[in-house]
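The next block holds one structure in the form of structure tokens; read it before the comments.
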Amino acid sequence: MARPIVVLVGPPGAGKSTIGRRLARALNADLVDSDELIEKATGKACGEVFSELGEPAFRELEAHHVAEALNHDGVVSLGGGAILTESTRELLREHDVVWIDVSVAEGVRRTAGERTRPVLAADDPVEHYRNLLETRRPLYEEVSTFRVRTNSRSPQQVVAEILHHLEDD
């Protein structure tokens with residue numbers, strides 16, 4: 001069975017997709033994004049699927065596609081809330097998981113104005129993002145084997161740090 005080189009987790013706006021693409025290129029590997037698997041299967045954007053199904057049904061669908069993604073080699077990037085599902089966290093225990101971390105201020109800045117992320121829709125985006133991070137932080141800590149912060153750092157710097165981590169393993 002195939003096994004990912006590394007799995008990327010982190011909140012919305014942390015840079016998982018950007019880092020994932022660059023990391024896959026640096027490793028000469030494929031990138032599998034669980035959000036893209038959902039979009040391909042449903043023919044709709046993840047945010048639209050989330051809005052239509054509601055969070056519990058969306059998380060169930062997401063868990064199915066996360067399990068599928070974890071059967072690929074290469075780099076795997078998971079949606080920001082994938083770690084909310086216990087079965088996903090159990091599967092991640094068997095993998096090298098890098099937590100792409102970001103501050104509240106930077107995460108809000110990066111996701112400002114994005115209507116494609118209903119999980120971030122709020123009257124007070126800063127407070128909402130802070131609450132989201134407070135809820136998810138212990139879960140990211142639980143599943144990750146390595147943490148990299150993206151604040152004020154270029155994607156190249158973040159990728160270099162992850163590559164160094166992978167070489168040390």
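First residue shown is number 1, and so on along the chain.
Note: Cβ is positioned from N, Cα and C throughout, glycine not excepted.
Here Ala14 (ATP binding site) comes close to Gly80, Ile100, Asp101, Val102, Gly107, Arg110, Thr150: these same-chain residues lie at least six apart in sequence, with C-beta atoms under 8 angstroms from its C-beta. Under the heading ATP binding site, Swiss-Prot lists Gly13, Ala14, Gly15, Lys16, Ser17, Thr18, Arg117, Arg153, citing sequence analysis as support.
As annotated by Swiss-Prot, Mg(2+) binding site applies to Ser17, with the evidence given as sequence analysis. The Cβ of Ser17 (ATP binding site) has 15 neighbouring Cβ atoms from other residues within 10 Å, across all protein chains displayed.
If you look up Swiss-Prot, you'll see Asp35, Arg59, Gly80, Arg136 marked as substrate binding site. Secondary structure at Arg59 (substrate binding site), taken from DSSP and collapsed to helix, strand or coil, is helix.
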Cβ-Cβ distance under 8 Å to Arg136 (substrate binding site), same chain, at least six residues away: Pro11, Gly80, Gly81, Ile83, Leu84
Most Cβ neighbours inside 10 Å, all chains, among the binding-site residues Lys16, Arg59, Arg153: Lys16
Cβ atoms near Asp35 (substrate binding site) (within 10 Å, other residues, all chains): 21
Rounded distance in angstrom between the Cα atoms of Gly15 (ATP binding site) and Asp35 (substrate binding site): 14
Rounded inter-Cα distance in Å - Gly13 (ATP binding site), Asp35 (substrate binding site): 14
